[in-house]
């Protein structure tokens, strides 16, 4: 058995009761924290909270899937991830590998940025188009086009875009201010962007404005994300004014 357990957004307490039960009943617990992390819960805190040893896998180990799937053939295995498990295509692919081997799978859902961002901003969930991820620009003169293409496509359809911000293998987190600066430097005609920091925490922080204003704003500690809104419903305008200082 392979059970995917979402850990939620911020710390070890975000996991659901069902998720906690699955972890307690498992023979083995694996986790990955390169697609998302819990900013206030290092693995040591998770192990103490669940009274369970957790083995953190790197990108190659997760994408190959061999170790997890082999173990799940003989044992009850939980695979722990930040947010909701099936938002990431990497986790969906791992599940398919297990199913191809005849291994039963389950998913225990948890809070996700894809829905929590609506609470932090007041933007309406049905107004969001496809999301995208903005990676670090680590090469001189190189700028990935696909995230900006996704934003442009959504704007043409009058849909908001949730932009996930990169987490590098060496532990760097992209800031919402840096993402806003890159939006400003792009060819996109974007009057407003919204930065969100620390979703799921008591210190969640939301700030909206023109890209150059958001680029100058200090959002504090991670994790951050960015929203590029399309046209705003009057209730969305009122919400951004109340929640994000627009």
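Heads up, the Cβ atoms here are built off N, Cα and C, so glycines get one too.
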To which of 188, 199, 243 does TrEMBL also attribute binding of S-adenosyl-L-methionine at the site defined by 9, 84, 87, 112, 113, 165, 224?
199
Just how spread out is the S-adenosyl-L-methionine site if you go by the largest Cα to Cα distance in Å among 9, 84, 87, 112, 113, 165, 199, 224?
17
If one looks at the chain holding residue 87 (S-adenosyl-L-methionine binding site), which residues at least 6 apart in sequence have a CB under 8 angstroms from its CB?
112, 114
Can you work out the mean pLDDT of the predicted model over the domain 'Tetrapyrrole methylase' (1-208)?
94
Within its own chain, what residues at least 6 apart in sequence put their Cβ under 8 Å from the Cβ of residue 224 (S-adenosyl-L-methionine binding site), listed in sequence order?
165, 173, 174, 175, 176, 179, 195, 196, 197
Other CB atoms within 10 A, centred on residue 84 (S-adenosyl-L-methionine binding site):
24
